[in-house]
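Asks: Attaching a single structure in structure tokens format; questions to follow.
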Amino acid sequence: MRLKDKTAIITGGGSGIGRETAIKFAREGAKVAVWDINLGEANKTVKEISELEGISKAYKVDVTNRLEIEEITNKVIKEFSKIDILVNNAGITADATLIKMKEEQWDRVIDINLKGVFNCGQIVSRYMVEQGNGVILNAASVVGIYGNFGQTNYAASKWGVIGMTKTWAKELGRKGIRVNAVAPGFILTQMTAKMPEKVLEMMKEKSVLKRLGTPEDIANAYLFLASNEASFITGTVLSVDGGVVI
Ligand code: NAP
């Protein structure tokens with residue numbers, strides 16, 4: 001088991017990539033704190049993990065709420081005694097072209113995708129620094145690297161996540177903490193289910209592997225980066241996109 005005796009927090013663990021990552025981590029021996037704004041969905045992840053005889057617990061956490069993050073981080077420490085891995089996965093889209101985008105759409109995406117990562121990263125890393133070790137993994141996107149029609153807010157948030165990842169790797173390396181990001185391509189989850197079929201078909205064609213990604217493709221990347229096999233990897237952005245942009 002690649003994560004035996006580790007404790008992991010996964011934000012947005014009630015759906016899509018977060019749920020798949022939580023299940024994979026639990027299969028590999030980690031105790032998983034499943035954080036999500038939607039407690040009902042987080043509980044479904046926990047139920048799936050318990051059916052595999054894994055250990056996990058659901059917590060209602062909104063990544064924009066620092067008080068909630070602090071309170072629940074303390075609870076996780078009390079219940080699991082440490083935090084080895086943080087996966088900053090929670091994220092949303094609120095698409096519109098530059099001309100049509102409302103300020104509220106900009107603010108909401110930046111608040112969750114960018115400030116949410118800052119909030120959780122800052123609060124949890126304080127514990128990791130005390131421990132003298134830890135792994136932080138952030139959800140970027142190919143859209144952050146290359147841009148995408150109708151996603152000014154989302155692209156800005158994900159490019160920002162890449163900047164934070166590299167900065168934290170530089171600041172926290174000497175404290176024993178590795179920080180990396182995963183940049184998924186187009187992955188079949190409720191997030192992409194909102195996109196027109198035509199766009200998804202186009203993305204599939206653009207991928208040199210001629211398929212869209214699955215949540216498991218991304219969970220596998222998080223697993224590798226969380227494990228000791230990646231012990232010399234920090235400050236990197238791993239694209240997992242089927243070669244959609246090469
Ligand atoms: P998803 O299925 O929509 O899952 C995201 C989860 O985060 C949902 O359970 C959502 O709850 C939760 N969430 C939303 N706002 C939150 C908040 N403020 N605090 C805590 N949890 C919150 O999305 P996904 O496709 O798995 O994406 C996961 C991550 O990968 C995101 O950061 C996304 O940007 C990134 N990503 C995805 C793709 C893709 O193609 N799917 C590509 C590149 C990057 P609700 O459902 O209640 O909102």
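Every residue, even glycine, has its Cβ placed from backbone N, Cα and C.
Unlike curated entries, TrEMBL annotations are predicted automatically.
So TrEMBL says this about it:
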type	residues	note
ACT_SITE	Tyr154	active site, proton acceptor
BINDING	Asn89, Tyr154, Ala155, Ala156, Ser157, Lys158, Ile187	NADP(+) binding site
Asks: What span in Å does the NADP(+) site cover, taken as the longest CA to CA distance among Asn89, Tyr154, Ala155, Ala156, Ser157, Lys158, Ile187?
Replies: 19
Asks: Under a threshold of 6 Å between Cβ and any atom of ligand 1, which of the recorded positions Asn89, Tyr154, Ala156, Ser157, Lys158, Ile187 are retained?
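Replies: Listed by sequence, the hits are Asn89, Ile187.
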Asks: Please work out the number of neighbouring Cβ atoms within 10 Å of the Cβ of Ala156 (NADP(+) binding site), leaving out its own Cβ.
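Replies: I get 18 for this one.
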Asks: Using all protein chains in view, find how many other C-beta atoms are within 10 Å of the C-beta of the residue listed as 'active site, proton acceptor'.
Replies: 24
Asks: Are there residues of the same chain, six or more positions away from Asn89 (NADP(+) binding site), whose CB falls under 8 angstroms from its CB, and which are they?
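Replies: Expected: Ile10, Thr11, Gly12, Gly13, Ile17, Gly18, Thr21, Ala139.
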Asks: I'd like the Cβ neighbour count for Ile187 (NADP(+) binding site), meaning other Cβ atoms within 10 Å of its Cβ, all protein chains included.
Replies: 21
Asks: Which whole-number value in Å describes the distance between the Cα atoms of the residue listed as 'active site, proton acceptor' and Ile187 (NADP(+) binding site)?
Replies: 15
